[in-house]
Amino acid sequence: MMTFKPEKSNFLQNLFFFVLILLIFAGSILRSAEDVLTKSLMMIIILGALLYTAYISIFLHTLQYRIGEKHITIGTGFKFTDERVSLEEIVYCTQRITLINQSGWTGLFSKRFSVGEGYIEGIGKVKMYITSSKKAIYFGTEKGNYAISPENPDAFMEELRKRHVREEFRVREVLEKDLQESENKMRKIFVFNSILILLIVEVPIVLFYLHFLPPFIAVGRLNADILSYIPARVYVDRMILYALMNFALSVGTFILARMYSRVDRVYYYRVMAFPVAVTFFLILSLASTIIAIFV
């Protein structure tokens with residue numbers, strides 16, 4: 001079993017710097033904020049940033065490419081993320097000395113580093129484990145493609161040659177199943193977001209007509225000591241308006257995503273993350289108000 005470490009990169013240093021700025025910014029807002037919604041949102045941002053940084057740090061520090069007599073294993077400290085590929089199933093391997101040519105907007109920001117699933121022009125969907133694109137190695141089976149960046153790519157390629165893996169530059173057009181999978185994902189995200197928006201509409205209406213809401217509801221602070229109140233009916237109407245506006249945003253984004261699919265034919269559905277984020281913000285706002293009423 002031969003073990004290869006990934007090529008070194010500056011990604012973690014850049015990530016730490018960005019997260020530090022984010023934590024300082026979110027922390028300052030958390031200290032000065034008076035309302036529960038803003039505090040909750042900042043705490044979620046801080047916790048999410050810390051968890052992601054810890055995960056990606058452990059992932060990259062433990063990332064290894066191992067090649068044995070029968071398998072290639074792409075392993076990390078998180079065993080559930082390991083990839084095990086049979087050498088007998090590999091139909092091609094190739095070495096590229098170039099920038100990462102991913103499709104869509106991700107290709108604009110990720111030219112040398114890419115971990116996760118991407119779409120490479122001429123290859124198709126690829127599970128990316130590239131920490132540096134100086135000499136990336138691509139290999140694939142009939143089921144999927146993989147990309148790695150070992151410190152010593154020439155030695156890794158030599159091990160593949162010893163095991164009689166075919167070395168060739170494969171060019172493949174986007175498959176119909178990839179396009180259909182992307183279409184299905186976008187539809188599911190749209191339906192999921194619509195269900196959440198429906199809940200945002202129904203919950204305050206049900207609480208209002210069951211008389212669980214007080215006559216006046218606190219929605220913010222005028223200053224450190226005085227709360228701002230509005231009638232319960234006005235609050236319900238406001239939440240319905242926000243939900244309908246977000247649904248319109250979701251429909252508009254759905255249409256824009258279809259237009260964007262001309263640029264990124266595979267991952268255009270990721271644009272739908274924006275209205276979903278707005279929906280979760282509205283849910284957080286609704287939850288903070290309800291908790292303040294019943295607690």
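Keep in mind that glycine also has a Cβ here, set from the backbone N, Cα and C atoms.
Annotation source TrEMBL lists domain 'Bacterial Pleckstrin homology' at 64-163. The transmembrane segment annotation in TrEMBL covers 41-60, 189-212, 239-260, 272-294.
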- For the domain 'Bacterial Pleckstrin homology' (64-163), what does DSSP give as the number of helix, strand and coil residues? 20 helix, 43 strand, 37 coil
- Message: Please identify the stretch among 41-60, 189-212, 239-260 with the greatest number of Cβ pairs below 8 Å relative to the transmembrane segment (272-294).
- Response: 189-212
- Message: On the 0 to 100 pLDDT scale, where does the domain 'Bacterial Pleckstrin homology' (64-163) sit on average?
- Response: 83
